[in-house]
Every structure is written in C-alpha cells, then in structure tokens.
Amino acid sequence: MGRKAEYSEKQKKGPGRKARKQGPPSFPKKSFAPLEDEDKKLTHRQKQRMVKREQKKVVQKAKLKEKRAQQPRKQKKYNSDSEPEDEVANQQAGSSEEEVPQLVPIKKQKLNGTAATNSKSKKQQKPSKPESDEEPEDEYDESDNELDADSDDQEEVDGEEEEMEELDGEEASDDDDDDEAQVGKLDDLFADDDDDEEEAGSEEDASSDDEDGSDDDEDDDDENDEKLPIELANKKLKKRLAKEAKMADEEMQMTVDQSEVFQLPEPGEEFDAEMSLQDVQQRIKDITQVLTDFAKYRQEGRSRSEYVDQLRRDLCLYYSYNEFLMEKLMDIFKLSDLLEYLEASEVARPLTIRTNSLKTRRRDLAGALINRGVNLDPLGKWTNVGLVIFNSTVPLGATPEYLAGHYMIQGASSMLPVIALAPQENERVLDMCSAPGGKGSHIAAVMKNTGVLFANDSNRDRIKAVVANFHRLGIVNAVVSCEDATKFRNIMTGFDRVLLDAPCTGTGVVSKDPSVKTTKSEIDVQRCYNLQRKLLLTAIDCVDAKSSTGGYIVYSTCSVLPEENEWVVDYALKKRNVKLVPLGIDFGEPGFTKFRQHRYHPSLNLSKRFYPHTNNMDGFYVAKLKKFSNTIPITKEEQEADEKQLDEAIAAEEPEASKATDNEEDKEEGQEAVQDAPRKTLGKRAGKPTLTDVEQDLKKKKLEQSKTKYVAKVFEKPVKVPKKPKEDKPTPAAPETATNGKKSEKQSKKVEQPEAQNNGQSPSKKTPPQPKPATKLTEKLAKAKRVDVDEVPLLEGKPIKKQNNLKNKSKQIGQLKKSKPMAGKKQKFKK
Ligand SMILES: C[S@@+](CC[C@H](N)C(=O)[O-])C[C@H]1O[C@@H](n2cnc3c(N)ncnc32)[C@H](O)[C@@H]1O
C-alpha cells in the first residue's frame, strides 16, 4: 500500500538557478553614472572593481586632457573628428574584454598588440554609449560565471595588477621619453588632479570671457560629476592647502616688507606720546632684526650706533632700567642673550632651601615638609643639601622644621661659593662679610661643627641675624665679630680658608630687588670695586699659604658687572702671590678674559658666571684663588701707595648713605630691612628713603650708647650638662664659667685669639708687616674699650636690654631661655 502521488499538486518551481543565469541577456541602455542605483545591485567585489575602473578612467582622462592641452587646436579638432570613426571601428571590433576601455591604459593596449591609437584612447575617455553598454555585459559575464566567480575575480584582479605593474615598469623605463607611460600611478593622479585644479581654477575665474573655456568648464563639471566622493574631497583638500600656502607666502612677504621698511625715528621723536608698550616691544624686535644683518636691513644714512642707542632707550623703557645699567648689560651680553637675560630677570627665581646637615638629612626634611603640604624636589645633582620648593601651603619661614633649624632659606646661587670653598673639618675658616649668615652657616655645617669659623660683618645690626641664625641652626664652632673686614689682617691671620662674599651693586639679583634697575650709577660701581679690591687683598693676606689642608680664598658677588668681578680678581693676581684654580662646579659660564678695552689674565676663565637665563639662578660670580706664597710681590712702598689710593677712592666715592647691595639673604630670610644709621662702610640703602633728622639723632644716640666693640661668640655648649645643684647656681656676673666648667675655660681660650690678634700677635704665623696709615677709624678702634670675653654673656653680643628683637627670635629656638635662669634676672652688661 502506498500513497498515491499527486503530481498535479506539485508546486511549480520557477526557472532554476542555471535557467535564470541563462536568461536572455539584457543590455539596459542607461548611463553608468548613477552610482547609487548601481550600487544597490552590485556585489562588493564588483564595487571594488568598479572603483578601480573609475580610478583608471580618471587617470586616463587627466592624461588625455593634458595631452589635449599640449596639442595644437587643429589636431584636437582632428582627433575629435576622428572619434566617430573610431567608435564605429571599435564597435565593429567586437570583443567585450578588449572593449572595456577604462580598464586598459594606453600602454597596455600597446603591450597587447592591439592597435591603440590616440584616437582610440580618446574614445576610451569618453563616457559614451558603448562604455555604458559594456558595463552590464561585464556584469552579466560575472553573474553568468558566478560559481567560478572567486577564481575569475582573482584572475581579473591579478590581471589588473599585472597590467598596472607592467605599466609601472614601462613608466619607470620610459619615464623621460614617453609621457603616456606616466599614467597609472596614484601619485600621478594627484599631480594631474592638481593640474586639473589649476586649470579648473583658472577656468572658473575666466569662465565668462573665455569662449573655448565654456566647453572646458562643461567637461570639468562632467568630470566632477563622475568623480568619486573621495576624489572630490581630495580635490577640495588640495585646493585648501594651496590657498593656505598662498596666504602664508603673502604673510611672509608682508613681514619681510615691513622689516625692510623699518625706519628709525628721527632724533627727538624717539618716544611718541601715543606709543604703547607693545609698540616699544615691536620696535625692539625690529631693531634687533636690523642689527642681526645690518648690511641688509639698515636704513640709508643711519649708523649702527644710532640703532644701538635707540635699542638701549627702548629696552630701558620696556624693562624699566636706567640707561647706565642697560648700557653695562649691553656690553656684557650679545643681543640675543641680553633679551633672554632681561626677560629672565623679570621673573622670580624658584624658592630654594638648604638642609642643615647638622640637624637633619635632606630626605627626612623633604618628607617632613611634604607632609606639611610642601611640593618640593632636590635642587640639582651638584648639591646634596639643596631643595627647590614649587609650592607650599605653609609659610616656609615659620614651619616647626624651620624654627628647629632644619633648614635655611637660601638662593641656589648662594650655595655655590661654599661648594667652591670646600672647607674641611678642623680648619680655621674666615667668612669676612658674613651677615646674615647664609654661607657662614653652610660652612659650619660642612665643617660638621668642628674647627673654628670666624663670621665677621661690619654691620652691627645685620650681625644680629648671624647670631640668630647660628643659634637656630645649632652652630657651635663659630666666633661672630663685627669688624671692618678691610682691617682684618690686623686682627687675625693664618686662616686655612677665607670666604669673601663681597658687598656689591647686586646687579645679578634684580628679580629680588627691582630697585637695582634704576638706582645704580657709575659711582656705585666704582665704590664697590674699590672696596672689593681692598677686601680681597685683605682676604688673601689673612690666609696662610702654608696651610696643610687649604690656603684658598673664594671671592664671590651677586653682581654680573666685570668691574666687580674679573677686574677685582685680576687686580689681586697682580698684587699678591695667588693663582686661580677651578671651582669644582661643572656648570656656569667661564669668567671673562677680556671685556671691552680691558684684558684680564687668561686664567680668569677658571672663574665662573651664573645667570638667570642659563642656570635659573640669580646672577652670580665665583672665583677661587690659591695662595702660593706668604710674601707680597710688591714693595712696601707700592703696597702703601695702593692702600692709600684705594682708601682715597673709597672715601671720595662714599655717599652719605651707603648703597651697596648686601642684604640679599635678608630678603631670603624674610627679615626686616636693616634700619640703622648710615655707616662708613657699605650697606644697602638703595632705593630706600633717607632717614629723617629725628631718626638720625636717635640712631646716633644709640650708637653712642653702644660704642663698645664686641665679639659675639657662639661656642659649643655641652648638650648634656648635668644640672648643677642650686647652690652652684652661677652669679649673674660670671654665668659661663660656673655653668660650663671646663668647656668655658676652653672657650675663653679660644676667644682670646682674636684679642691676641688685636694686639698684633698672630697665633700661628707672624703677621705680615703692616704699615698703618693712622686713619680715624683705626684710632677709634685702638681707643675703643675691648670687652672682656668672659663678661660677655653666652649667646649675647650686646647688652641683653638692647636685644629684645634678637631675644624674641632666639626664644623660638629655646637657647636663650636656657641662659635666662642662669642670669637669674635681666643681665646688665658691664663695660
Ligand atoms: C653680600 S652680603 C654677605 C652675605 C653673606 N655672605 C651671607 O651669605 O649671608 C655682604 C655683607 O658685607 C658686609 N660688609 C660691607 N662692607 C663691609 C666691610 N668693610 N667689612 C665687613 N663687612 C662688610 C655687609 O654688611 C653685608 O652684610
């Protein structure tokens, strides 16, 4: 039994796949152009092939166009005339493969042996009927062999690639002689596009008045229609780039034109009332450019000096300098450096601190400060104690670490002289101009509180800061004195090392003290360099050339003027038995060996200059000298004459209120400005109002009250001294002896040294013969009653009554508190 088949119900199937394929070919007579419609019907591969074909077509068209442009119009006509014939011939030729014109570049046709003519290639370029007719045929073929499509496609692609390769090869070989061979490269396509654009552009511009051009325009429009979006985008991009390049060229030309026409203002017209700061800045730029190529940019009949003068005036105006200082700076720096220097000097240098290695380590200090919200970093490889502060949420002059003496606020450049001095443990070192004690305390720390450091400064008020800082930092190997350092050779000699951080004009620290820009004059510079010379000769005389460990002098200033630096050192080289040695610092600019008409000793290049724009630190100068003989190379008479000359020069230049810059560290330490009466030696009053008569009187009185010269000692105090029983409590008259026992004796001995020196007895070496022109000051000094050191209360350099400020500061540290109970009540200082 089976079921009966019902064939009648069998669903009718449409024509099979093969049948469908074999259906009658249709050749829609539509154009190839509407890509979107086609797009929907085409497979991915077909689309890819179509894009390729399109590209080739574009290339060929571009080539053809180029050719057409080259050919005389007649020929053009001929070609166009011949087109129909060719078309017919081609139609007759039959083979669809060969008739796909856009796939076959001209060369390929030659290679295939087909009769490729110019006319044919021209026909191929036309989106004429046969082309569009062929497209569906091609499509049909593909659909017809869909089963073999993959392999066929591959073959076709390969074939195309081969064609392209062949073409490329041909192009490479026939590059020069056959233009056609260049067709087919994508780069060339772009190049041709460029040409097209240019043509298009020019045609766009001249479309209305060019008769023939109208045809071309239509062609171009047609081309644009036929181009792929990517090609159009590319075209646009190229157009924009070309436009931008053109604009840049124009701008450049304008700038050149402007600079070419820069005219110096006529004399008397230098500063137009309506000129803004920007105008001045522009003129600075213009003149700078003229001066960089003077022959090219100069204005007829104007000299270089006129430009330089104008530039100086403009720079003064722009940066607020006086002409004197600006001229000096222009002599020091070449133009490009000068502008950088001036710019850098407008900006404050980074805040830096020095770890007090006597109390802490840099790492620990950094940790503690970071915990307080300080953002910091090590200062540089050249220092193992410096830290640079980027920002801080707490005032750095009031942190517990600061008050405990773990660090000193100190400019980076201030650390350099001590690095150069390289003091050793157990040496005798003199810091001639010490206040407020930044470098001095650094020296003590390097010496690890051993040996003896003599910290001297002639400024009575500033010396208080030295004492305060030394206490805070726990320095116990220092003797602090207040003497005119030019006379120090009469007080003490035989030092292993001497640091002379000399008073100067402060031209290197304008970012800290902008008043320097306007207040310094020639006379200030002269006064400074005369004093500096005298101080340096004294410093050399104070050093023992036979020191087993040292014999070095370091000279430093915070000025950039060669008069205060190389010139002073050069003078010393001539007057004493010293030579320059390397600093041991591997950065900074070498010192000058010549400056304007001056020629200095060639070894001056061993000294170093530091600048804000190159080293990001204040302008600074450091030189290191080695004393090689204690004898003085000049005769006694010459020496006397020199001294006299320098004394006279200093006296002649001395103003009522001295002006040299010497409180840079004051600013670092955030201390109050020194408000003392004008002293004979230099002190910084620059830019500050002169004192009123009342103030002057008050200060005179003060001075008279405390006429006594004093030596403040900051000697070691035993940290763990067993407390004496009450009955042993020292009397106010002699607190030290009673409290410190043996130690005190030792201290008294040590402090005797300067006293001995005062009497002209050198402790170690015989004092060099010192002819003494009896100046007023020395007479005064001789008459001045010396304080018996034992009478001086520990840590005090002055009667306590007069040191309330100092006391208040010291209280923070707690040292002074300790001495108070010893004294019982307020001590009175007996003369
Ligand atoms: C640049 S400051 C010294 C800074 C110091 N070295 C420091 O690091 O803190 C120059 C110092 O020289 C002092 N001074 C000026 N003339 C002096 C002289 N004839 N004798 C001693 N000191 C003098 C000033 O009082 C001033 O404190």
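Cβ coordinates are placed from backbone N, Cα and C, and glycine is handled just like the others.
TrEMBL: automatically predicted annotations, no manual curation.
The active site, nucleophile feature in TrEMBL is assigned to CYS558.
Residues annotated as S-adenosyl-L-methionine binding site in TrEMBL: CYS433, SER434, ALA435, PRO436, GLY437, GLY438, LYS439, ASP457, ASP484, ASP501. When secondary structure is read from DSSP and collapsed to three states, ALA435 (S-adenosyl-L-methionine binding site) falls in the coil class.
The annotation compositional bias 'Basic and acidic residues' is assigned in TrEMBL to 1-12 (among others).
Taken from TrEMBL, the feature compositional bias 'Basic residues' covers 58-77 (among others).
If you look up TrEMBL, you'll see 132-181 (among others) marked as compositional bias 'Acidic residues'.
Annotation comment: TrEMBL describes 189-225 (among others) as compositional bias 'Acidic residues'.
Taken from TrEMBL, the feature compositional bias 'Basic and acidic residues' applies to 714-730 (among others).
Sequence annotations record features per position, and here TrEMBL assigns compositional bias 'Basic and acidic residues' to 742-753 (among others).
TrEMBL lists 777-789 (among others) with the feature compositional bias 'Basic and acidic residues'.
Positions annotated as compositional bias 'Basic residues' by TrEMBL: 817-831 (among others).
Residues annotated as domain 'SAM-dependent MTase RsmB/NOP-type' in TrEMBL: 341-628. Across the domain 'SAM-dependent MTase RsmB/NOP-type' (341-628), the model assigns an average pLDDT of 97.
What TrEMBL records for 1-231 (among others) is region 'Disordered'.
According to TrEMBL, the feature region 'Disordered' maps to 653-831 (among others).
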Just checking, which of CYS433, ALA435, CYS558 (recorded positions) has the fewest C-beta atoms within 10 Å of its C-beta? CYS433
Relative to the Cβ position of GLY437 (S-adenosyl-L-methionine binding site), how many further Cβ atoms are located within 10 Å? 30
If you draw a 10 Å sphere on the Cβ of LYS439 (S-adenosyl-L-methionine binding site), how many other Cβ atoms land inside? 26
Quick note, ALA435 (S-adenosyl-L-methionine binding site) and CYS558 (active site, nucleophile): C-alpha atoms separated, nearest Å, by 14
